[in-house]
Amino acid sequence: MIPFAQLADPKMAERITQELNKQGIQSSYSYDEAASIYTLVVEDQANFEQAQDIFRVMMGLPKKFEPSKEWEEIQSIPMGIVTKVTIGFCILVYVLNAFKILPELYSVMKISSSSNGLPEIVSQGQFWRLLTPAFLHFNFMHILFNMMWMKDLGKIIEHEKKSNFLMLFIVIVGIGSNFSQFLISGPNFGGMSGVVYGLLGYLWMYKKFNSNAQFSLPKSDVMLMIGWFFLCLIGVFSFSIANMAHAMGLTLGMLGGIFYGLKDASGSYSLKKSLLYVFLSLSLPVLTYGVEIFKVILKTKT
């Protein structure tokens, strides 16, 4: 007999053992007079965890947390060189800025020193400025949030598509999300979140269009990030958020995931499904632009 729980209420002990036996788990209980406690036991060790879960539910407690299969698979993947270098460089830039070790670093890495155009890029050929805002982070929670997602999402793509693919992905999505954010808010922004949303969008769509993909994101992660996107967009939080960078990153990632998902899939594909998700992805920056303009109009009227 394997004990799995103890309680003082005889009626509850009886109810739980009856429920376990009803579900085919051989169970009983005994009373310890000295301790005034009832001990519940199962006959088979294989039923131990299931009995504990049933006990917790019947006592009004949550089940023991168990990581999803997808999460466990993701954690088993080693980080590739591009993922490591990206995270390391972001942390280095953050430390240098936070402790003012290189005071001029921010002005060198921001997309432009002017809100009226991109004079450094156009006249001086400083093309790196299109990408480098992605490596700027302004507080600890900002960089922590982005690097945690970069670690998990980046290594999946690097594992499946190799380092060169991820490096090119970061460059394209980073430039696209940075430039779109600049057009909306000017040059004072930064962060890897546009790229993070791109990684999310890619993996989300890649699995939808290629069922043979080795890894898939837990649905809870997708829902969390999409929910966060809309909470930020409608202005629930008081701090500044690069919503257009999020939207454009997600769009570019989704389009990439659709393309490569269809390319790598072995079977036939649904044209209707493809067009639906392409439309959905393209609508995100349009929706974001409309909401951002609406918020500006509201602000000018107050």
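All positions are counted from 1 along the displayed chain.
Including glycine, each Cβ sits where the backbone N, Cα and C put it.
Note that this is a predicted model, so its numbers are computed, not measured.
Annotated features, as they stand in TrEMBL:
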| type | residues | note |
| --- | --- | --- |
| TRANSMEM | 85-106 | transmembrane segment |
| DOMAIN | 124-260 | domain 'Peptidase S54 rhomboid' |
| TRANSMEM | 126-145 | transmembrane segment |
| TRANSMEM | 165-183 | transmembrane segment |
| TRANSMEM | 189-206 | transmembrane segment |
| TRANSMEM | 222-239 | transmembrane segment |
| TRANSMEM | 274-298 | transmembrane segment |
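Annotation: stretch 189-206 has the most Cβ pairs under 8 Å to the transmembrane segment (165-183), among 85-106, 126-145, 189-206.
Sequence-distant contacts of the transmembrane segment (126-145), counting only residues of its own chain at least 6 positions beyond either end whose CB sits under 8 Å from a CB of the stretch, comprise 89-91, 93-94, 97, 106, 108-112, 118, 120, 170-171, 174-175, 177-179, 181, 189-195. Per-residue confidence over the domain 'Peptidase S54 rhomboid' (124-260) averages 94 (mean pLDDT, predicted model). Look at the domain 'Peptidase S54 rhomboid' (124-260): DSSP puts its residues at 105 helix, 0 strand, 32 coil.
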